[in-house]
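Per Swiss-Prot, Zn(2+) binding site is recorded for C151, C153, C179, C182, and the stated evidence type is sequence analysis. Sequence annotations record features per position, and here Swiss-Prot assigns compositional bias 'Low complexity' to 40-54. Annotation source Swiss-Prot lists compositional bias 'Basic residues' at 55-64. Sequence annotations record features per position, and here Swiss-Prot assigns compositional bias 'Acidic residues' to 195-213. The domain 'J' feature in Swiss-Prot is assigned to 5-92. Among the features that Swiss-Prot reports, domain 'DPH-type MB' is placed at 117-191. Annotated region 'Disordered' per Swiss-Prot: 36-65, 195-219, in sequence order.
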Amino acid sequence: MSQPTFYEILSLSPTTSDLTPASIKQAYRRALLTHHPDKSSSNFSSSTSNSHSNSHPKGHHPPKTRYTIDQISLAYTTLSSPTLRTQYDAALRSSSSSSSSCFTTTRKEEDDDFQTGIDTIDLDDMVFVPHETSSSAGISRNEKDTWYRPCRCGNERGFALTEEDLEENADLGEVLVQCADCTIWLRVCYVVAEDDEEEEEEKEENGDGDGYEEEKRKR
């Protein structure tokens with residue numbers, strides 16, 4: 001049985017010339033939720049769960065072929081990189097699907113310029129730098145809380161995430177980030193704590209209501 005291509009994994013057409021980083025990222029997110037629907041239901045609030053239920057309407061059947069998270073992540077990191085995608089497309093054109101499988105399984109044997117390995121860590125494994133410290137240090141992304149991790153290419157802050165990055169991918173509970181200096185990617189997993197804002201708002205509303213009733217009694 002031939003191995004699926006990265007395009008098949010993300011349900012993208014290799015002949016589409018107008019694939020953008022945004023459309024590839026959207027396909028990646030869609031693939032994760034399609035093949036691993038638990039990604040959107042295990043960690044998040046009811047509002048996110050509602051959006052997930054809308055993306056999987058009643059009567060929806062799971063895919064016949066289920067891809068692993070590693071397959072989906074590797075497909076995304078390869079196709080979202082112009083250099084790697086060009087090399088991958090060349091491999092698809094010049095060989096059979098079995099050769100594209102070789103591309104997938106032997107990528108670690110290629111030179112460093114073609115490395116697409118993906119390490120998986122928890123957010124707690126990254127160094128947290130509050131925005132106040134970042135601002136005083138003059139870091140470019142200085143107005144946001146930032147998480148850093150060194151890359152094995154030598155860059156001490158090769159991987160960088162902001163709170164905005166985490167919020168953007170909150171429905172997945174993970175985010176893929178590429179090293180600033182090489183093609184190595186990192187998958188960072190995290191759990192989104194349930195927001196207590198609604199409860200606080202309810203308490204405030206109840207408090208306002210009690211105050212209103214008390215004011216009426218005084219009158």
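Note that Cβ sites are derived from N, Cα and C of the backbone, with glycine treated the same way.
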### Query
Whose Cβ, among the binding-site residues C151, C153, has more other Cβ atoms within 10 Å than any of the rest?
C151
### Query
Fewest neighbouring Cβ atoms within 10 Å: which of the binding-site residues C179, C182?
C182
#### Entry: Remaining residues near the recorded Zn(2+) site, that is with C-beta within 8 Å of the centroid of the site residues C151, C153, C179, C182
R152, G154, N155, G158, A180, D181, T183, I184
